[in-house]
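S.K.: To start, I am sharing the structure in question, which I have written as structure tokens.
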Amino acid sequence: MLKTTLAGLRAHKLRLILTSLAITLGVGFISGTFVLTDTIQAGFTQSFTAAADKVDVAVIPAKDEKRSQEGPLTVPMELLDRVKGVEGVAAAVGVGRERTALIGKDGKVVGSMVTTWGVPVVEGELNRTEIVTGRAPKAGNEAVLDESTAKTRGFTVGETITVLDVRQQKHRFTLVGLFKLGVDQELSHGGAVGYTSETFQRMAQPTGFREIDVLAKDGVSAETLRAAVAAAVGAKGEAITGQTLMEKMADGNGVEIDFITYGLLLFGAVAMLVAGLVIYNTFNILVAQRTREMALLRCIGSTRSQVFRSILLESAVVGLLASVAGLLLGLGLGAAAIQVINATGSPMPAGTVTLTVTSTAAGLLTGLVVTVVAALLPARAATGVAPIAALRTQVEENAFRSGVLRWVFTGLFLILGVGVTVAGITMPPGAGGLFTVAGGGVLVFFAVLIIGPVLVKPLSRLTGFLPAYLFGVPGRLAVDNSTRNPKRSATTTIALTIGVTLMTLISVVSASVQASSDARLDRQYPVDYVLMAIGDREATIPRSVAETLRTKPEFGTVVAFREHTRPVTTDNNSFVSVGTIVGPIKTIAQEGWTGDPGPDQAILSLGTAGKLGVKAGDTMEIKTRSGRMEKVTVSGTYDREKMPGSDVLLQESTFHRYYGATEDIRVVVKMTDGAAPEAARKVVESVIADLPTVQVSSTTEIRGEFNDSINNVLMVMAGLLGLAVLISLLGIANTLSLSVHERTRESALLRALGLTRPQLRVMLSLEAFVLGLIGALIGVVLGLVFGWAAVQTMQDKPIFQAAPLHIAAFIVLSGLAGVLASLLPARRAARASIVNSLASG
Amino acid sequence: MTLTDIHREAPPAVVARSLTKVYGQGDAAVHALRGVDVAFTTGAFTAIMGPSGSGKSTLMHCLAGLDTVTSGSVHIGDTVVTGLSDKELTMLRRDRIGFIFQAFNLLPTLSAEQNIRLPLDIAGRQADPALFDRVVDTVGLRDRLSHKPAELSGGQQQRVAVARALIGRPQVIFADEPTGNLDSRSGAEVLSFLRTSVRELQQTIVMVTHDPVAASYADRVVFLRDGLLVSDVHQPTPQIIHDTLMKLES
Ligand SMILES: Nc1ncnc2c1ncn2[C@@H]1O[C@H](COP(=O)(O)OP(=O)(O)OP(=O)(O)O)[C@@H](O)[C@H]1O
Ligand SMILES: [Mg+2]
């Protein structure tokens, strides 16, 4: 039996290749993901190991739930001397990290949300900073910069750079070297400037260390030293070995790697699902076409189980070969992705391409299992072939009738799916609702899968109307042919449907998110310019800015926001932000602003009021800067959707009494009617020209940035889903070529009766076009419905936007893609000799 | 009217001169036709007979422009078939030739009527309604027009094929063993339709057959052996045909 199977496979190389390609692509994607993440993981481990080798013991901040709310935990500075005094310590350094903002060549702070870090470059063996160009800073007026910031901002060694210290004072340094950011995700987010330890103290004025690194004397084991250090620091810090430190760092980064892995694997799974459908369909057709062959085998004494096994064997061989090819493809894809990552200079430690044994096995097994499972049903159908079928001359047309059972199951899944979806929609907005809707979507998809063969006919009438009208006989025949075998057509198109559904869903959701964010910005920012300070919480805008702007005739309304830099404790032990608004806020926040707060009154955002469980008229206590609890009366609430602001808003004088006369954190301005936007912008820019941390953006810019980022996400997702679509196109090509093969004699007859070669090609292409359109149509409907449902779960007052242009493009492209898939089979069919084809069968 | 009179009155519809056809090359070459000279009279029903492998189907395919010839020429009416491009051949078949094959003559997705009209539809021509009615009634398919081929018997399917070949009023109809798959009664029906169409519509028909009885419906039978025309019988009877065949096969 094995011999028969293998001979059969060899005899149909092309079919084998087409079938395998679907699996190969899926497995290639999955193993490519593994290659990528394995390589990055290996790079991380390598870097961390290198780091851990240098440090024997590290002291990290003791855990403190409460304090961690107020900012990153630190190790008290006085511990350093204590640690240095411990027996067996060769050297110890405190490592800190604060935001010290580098000023770019445009005079503005580098970075849009966060500024660059400042770090000390320690001397001696404990140095973990890798200088790649130049040298480490030695004097107080020297500094080094990370490579990638230097590259993007155009700084070179020897230049002078200007950096703001934590008090926003400018300092100038000579750039003496560039260093590698390495694997530190926190540092890589923003870039970093390195100083000598003393300069760092001066610039950053840290109140504690992030970490104290300790080097053991020769002959002192890390564990012994750890115990000694632990005893010395007591409860003020936690002493761990370098090994543990490495594991902790790896864990932190591992989360991100896992995120990438799972994200990519999700797309891989979709691709494999589509590949499974393609395989299922292919084997179904093969079984149908080989009915006679198999019946003959049965006639000469093969048992049912032998027939079954021979088909499974064939699928296993196909699956294995395809998976091996996929693995190779994956290696190539992964390597290419790593090249891209390296070229873009992202802080991923990508070294040599790595593929672990587990990942290899996972890739191979996925391909094999999907193929064999997809072939199970067709194989079972093959066992039903009666020996007598060998004697029938004509293979029966696969007559299809929609049985009661089909309707019952469709109804069941549909009702269930709709029920779950509705339940998801009615849930409060959030991930729970979204996942429920996704579950409902899967159920409804099953309903569509089951009822697919019934849908094919009416849908092909619908989509085939125009082609049949335009192309005459070839068009009409194409539409007829597309539904000749409804089951086959349904499976072929559903494979495409999956990709189109997800693409539609994503574009609908992102269009809706965009629309609602636009709407929110419309409501929230009826202002023209927003001035913000970049940097950490301490970053502020001098009050003089708002005051100067108020004197300018271009601006009618100038409103300043102030906020206490630290979270404030309330009487029921929550943390809230407390701020005040200076200026005619009423003219901006028309609705939803109940009125300015009076003395010792507070206005709460709706969310805060809910969280604290208070309403207008209640009183609450807040901790002031001096540590006293002060009572304020809640005078009203406001909608943060309509106006951004602190959790708790006080009257200006009350705020100043409790938290001091702070600077502004945000200033919004509105132009007077008739003021020229360009001139107004120039005025704003001139006012903030000397303030590197203050950035101005117009509301249109804010909107544009947001829309850009959504579009980027959309493109990446579409690209990843493209694979699933590509595989489904292979499915169309495969189905079509098998159908063409089945109808060889028919095509020859048509040619004999006067159908030209181009007409025959058009006929086959139109068939694929109709199939593509059917798949797209179902996909678009599903995508729209569930896109709508998903949007309902995402916001309180969702705005639904259908993205009609994208959808039209999906439909047209699917049809054209179908045509593309048909080109090869159609060419072969048109080339076939009429006489030979007539004689075949 | 003598035979020579017929020749004089009507020019031949199809003429083949020194037709040869070689399949394959070198040692594997098969000489299916070795120089056939034959003319088929307009408005006549001619049968081609011969032992299996003698080249009957090959001759028919070459005459109908379905296959290329190795050397020699074929004329249909004034047109030189040999040397036409694929597109011109397709047009020729579509507009001027009718076909009836042994089996699988019909498109399974189309109804009987659609199958009958198919060549005209492909050409974008309208069927002459009077002719359509006449043909449909002649072949007796009036109440079967909306049926799909799967719902028709083998004999009915062949009658649909005959109707399809007749409806375009082609210059010549080629039939390759049209009754090969039918029982004798259905076969006789189909053959008498063919003969009726020759008599009443002056249709030219060239038919390949194995069956002496089928051949006896024709006005003339030509015999092939090993790719050569070896005998030519006018107004044949089953007995003469049978005797000639026996002689050829011995
Ligand atoms: N495509 C082909 N390639 C090679 N040889 C062929 C091909 N078609 C036919 N032949 C050979 O040409 C010769 C004539 O074949 P043809 O089909 O014309 O015979 P036939 O008279 O129609 O026979 P039958 O009565 O069995 O149908 C045969 O020897 C056959 O083997
Ligand atoms: Mg033959």
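Glycine is no exception: its Cβ is also placed from the backbone N, Cα and C atoms.
Found this in TrEMBL, in case it helps:
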type	residues	note
TRANSMEM	A:16-36	transmembrane segment
DOMAIN	A:17-231	domain 'MacB-like periplasmic core'
TRANSMEM	A:259-287	transmembrane segment
DOMAIN	A:266-383	domain 'ABC3 transporter permease C-terminal'
TRANSMEM	A:308-341	transmembrane segment
TRANSMEM	A:361-383	transmembrane segment
TRANSMEM	A:404-427	transmembrane segment
TRANSMEM	A:433-456	transmembrane segment
DOMAIN	A:489-685	domain 'MacB-like periplasmic core'
TRANSMEM	A:494-513	transmembrane segment
TRANSMEM	A:713-741	transmembrane segment
DOMAIN	A:720-833	domain 'ABC3 transporter permease C-terminal'
TRANSMEM	A:762-791	transmembrane segment
TRANSMEM	A:803-824	transmembrane segment
S.K.: Do any residues, 6 or more residues outside the transmembrane segment (A:259-287), come within under 8 Å Cβ-to-Cβ of it, and if so which ones?
M.R.: 15, 18-19, 22-23, 25-27, 29-30, 33-34, 36-37, 40, 294, 311, 315, 318, 366-367, 370-371, 373-375, 377-379, 381-382, 385, 487-488, 491-492, 494-495, 498-499, 502, 720-721, 723-724, 727-728, 730-731, 734-735, 738-739, 742
S.K.: Considering only Cβ pairs within less than 8 angstroms, which of the stretches A:16-36, A:361-383, A:404-427 has the most against the transmembrane segment (A:308-341)?
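M.R.: Against the transmembrane segment (A:308-341), the leading stretch is A:16-36.
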S.K.: Go through the chain and flag residues at least 6 beyond the ends of the transmembrane segment (A:16-36) whose CB is under 8 A from any CB in it; none is fine as an answer.
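M.R.: Beyond its ends, the transmembrane segment (A:16-36) has Cβ neighbours at 9, 260-261, 264-265, 267-268, 271-272, 274-275, 278-279, 282, 318-319, 321-323, 325-335, 337-338, 353-356, 359-360, 362-364, 366-367, 370-371, 723, 726-727, 730-731, 733-734, 737.
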S.K.: Please give the sequence-distant neighbours of the transmembrane segment (A:361-383): residues at least 6 beyond its ends with Cβ less than 8 Å from one of its Cβ atoms.
M.R.: 23-24, 26-27, 30-31, 34, 272, 275-277, 279-280, 283-284, 286-287, 290, 294, 304-305, 307-308, 311-312, 314-316, 318-320, 322-324, 326-327, 330
S.K.: Are there residues at least 6 beyond the ends of the transmembrane segment (A:404-427) whose Cβ is under 8 Å from a Cβ of it, and what are they?
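M.R.: Long-range Cβ neighbours of the transmembrane segment (A:404-427): 433-447, 450-451, 453-454, 786, 789, 792-793.
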S.K.: Excluding the flanking five residues on each side, which residues at least 6 beyond the ends of the transmembrane segment (A:713-741) place their CB within less than 8 Å of a CB in that stretch?
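M.R.: Result: 14-15, 18-19, 21-22, 25-26, 29, 264, 267, 270-271, 273-275, 277-278, 281-282, 285-286, 289, 481, 484-485, 488-489, 492, 495-496, 498-500, 502-503, 506-507, 510, 747, 764, 767-768, 771-772, 775, 817-818, 820-822, 824-826, 828-829.
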S.K.: I'm checking region-level scores; what's the whole-number mean pLDDT for the domain 'ABC3 transporter permease C-terminal' (A:266-383)?
M.R.: 80
S.K.: Which residues of the same chain, at least 6 past either end of the transmembrane segment (A:762-791), have a Cβ under 8 Å from a Cβ in it?
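M.R.: Beyond its ends, the transmembrane segment (A:762-791) has Cβ neighbours at 421, 424-425, 434, 437-438, 440-441, 444-445, 448, 452, 455-456, 459-460, 462-464, 467, 471, 474-475, 477-479, 481-482, 489, 492-509, 512-513, 728, 732-733, 735-736, 739-740, 750, 755, 798-800, 802, 807, 810-811, 813-819, 821-823, 825-826, 829.
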